[in-house]
Each structure stands twice: as structure tokens, then as C-alpha cells.
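Participant: Got a structure here, written out as C-alpha cells. Questions coming.
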Amino acid sequence: MYSHVRDLLFRLNPETSHEFSLDMLGAAERLKLIGLMAAKVPETPVEVMGLRFPNPVGLAAGLDKNGDYFNALGALGFGFVEIGTITPRPQPGNAQPRLFRIPEAKAIINRMGFNNKGVDHLVAQVKKRRYQGILGINIGKNATTPVENAVDDYLTCLRKVYDHADYITVNISSPNTPGLRSLQFGDSLSQLLAPLKKEQGVLQQAGGRYVPIAVKIAPDMDDSEIAQVAGVLLQEGMDGVIATNTTIGREGVEGYDTGKEAGGLSGLPVRDKSTAVIQSLNQCLGGKLPIIGVGGIFDGASAADKVRAGASLVQVYSGFIYEGPALIAAAAAGIASYHQGQ
């Protein structure tokens, strides 16, 4: 069923298709028809970052940047939904075209550039939430904010979303905001995370509620860089790490004209690279910090591979675009089967 709908949607411009699909999902949820599309996912609860997830398969950030559709997306069977990336001020993102599909490679390239309506819009949407599941909010910096002042943007977003999120993700790994990935390296990472950790404590004391903070990292790092990042995450008391974002590499799409487009590559071609990062990261962390695995999950086996490498939870994005809601159940079943076989 979904494959027929997908084939029709894929005839549209990718960004138009994206917006149309979300509008249709939103309408279905309002008309109480969303259950017809939902995956049948058995409850397989897992506790991570002090939160109880009904199943380990979540939706990665980027699909619902503004919090306009998470009620509908959350009704499809996901164990958790992450919205954003959001920035302090609204921004248009990069010029179009900026989203490209490569169906033959089950891949997507995007250079969206954190296009969003701003954190105040997202908070207003979340205040009206009907979705009762785990909601993550992914925060970033505005393109016009100098990298040396990035912490101010992250603090602004942290303060505004804290009371409305179940967990918060610090996105320092998108390749589409100039200079952003530099925050992952050297003293820059500590200088960013230390003030966020301090503010987390202030907000916890003020509101009486602890909201965990995860950091989303890139796949384009060698083992020594991964080890350095892991050390800082532990040193600064982060609660989790999401591995990984899109890659600037082009392995797997070299033969396609669209593969030459600038931006972050996601989907099947990033699967092995992200799994390798998870494995290396897990060795460095020694089980002291939970990992959420994302990148190239298209079935139960690839979801289980992420868990085998060290992930406690997984997220899907490109696989969800290509495979539809059935992927949620398949991924959850693959992970459950892996755990049963241990």
C-alpha cells in the first residue's frame, strides 16, 4: 500500500512531496484516521536516560522541524519522536533546490540549512500537544550567529524548550550550517557543553524536573576524534549521544548525477559508516553513556546491527521515507529478535 503512495509522491518535487505528506498526515490525525496508517508495534519498553520508551524505534529530527506534525507522527507507532532542529530566530534556510532523492541508492541528500519558524513557534505548538509519548527537541544555532557565539543560541533554545521536552538534543553535526561541525572538536566542545550542563542544573532546580541532554554527532570522524568527543561527553556530564547525522562523503552515490549535489547524505549509503562510529563510540564510552543509533536503517536486520554495535535506541528518517510506517514494526521486531538471541 505505502509503496504505491510513495511512487506517486516521488513524482513531486522532494520538498513539495515532504510538505504534502505531512499535511495529509496531520489531516488524518485530526480526522482520527491515523490509526489506519499506524504500524502494529508490540510494546517492548526500554529505559534510557531515565525515561521509559515504549519501544526502541524513534523518529529522527528533521522531518518535523517546527513541531507542526508530531501529534500525527507520534500516532504511527514510534517509541519516541524528535522534532527540530530549531533555532532562536526563524530563518529560511538555504536556497532551493536543497533536497534530493536518489531512489536507486535509497539515499537522500539535503542542504536545508536549519530552515525553521523559530523556537517560540515550536514551543507554542508543543504546549498544545496531544501526543503522550516521549518527545525530544533538537536545538541548533542560527546561520547568522558567529560560531564563537554559538553557545548563546543553544542556551536560548535550552531555556525555552526545557519545560516542554522529555529530552533535548544539541545538534552540532549538520554539515549545512557553516562552521557548525567545528564545535565537535578540541576545546570548542567543552566550551559549548559546560555552560549547557550548568544551565540544565539551574532549570532543574527552578522547575523540579530533570530533562536529559543528548549530543548529536557526525559520522565523518576517525577513531581518535571519536575518542576525544567521547571523553568530553563524559567529562561534561551529558546524558546521551546520537550517532550519527548525515555524511559529507559520497560513497554509494558516486555514479549518480544527483550524488554530486552539496549537502548531507543520508539513507542506505551511510549505514555502515554510522554503525562503525557507534561501535567505536561504544568502546570509548564503556557503557557509561547511552547511544541512540541512526543512519541507514531500512529493516529489522539493520536496526539490530545498530544495537549490536552498542546503541540502546535507534532512530529512522530516510528509511521511513522509503519504507513507510511498516519500518517501525520491522525495526522493533529486529531489535527484539536480537535481544532474545543473546
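Backbone N, Cα and C atoms are what each Cβ position is placed from, and that goes for glycine too.
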Participant: If Swiss-Prot gives ALA61, GLY62, LEU63, ASP64, LYS65, THR85, ASN171, LYS216, THR244, GLY267, GLY296, TYR317, SER318 as binding FMN, which of ASN115, ASN138 does it give for that site as well?
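Facilitator: For FMN, Swiss-Prot names ALA61, GLY62, LEU63, ASP64, LYS65, THR85, ASN171, LYS216, THR244, GLY267, GLY296, TYR317, SER318; of ASN115, ASN138, the listed one is ASN138.
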Participant: Of all the binding-site residues here, LYS65, ARG111, LYS216, which one's CB has the most other CB atoms within 10 A?
Facilitator: LYS216
Participant: Determine, using Cα-Cα distances only, which of these recorded positions is closest to LYS65 (FMN binding site): ARG111, GLY113, SER174.
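Facilitator: That would be GLY113, nearest by Cα distance.
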Participant: Taking the residues the record says bind FMN (ALA61, GLY62, LEU63, ASP64, LYS65, THR85, ASN138, ASN171, LYS216, THR244, GLY267, GLY296, TYR317, SER318), how far apart in Å are the two Cα atoms that sit farthest from each other?
Facilitator: 20
Participant: Taking just the CA atoms, what is the gap between ALA61 (FMN binding site) and ASN171 (substrate binding site) in Å?
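Facilitator: For ALA61 (FMN binding site) versus ASN171 (substrate binding site), the Cα atoms are 10 Å apart.
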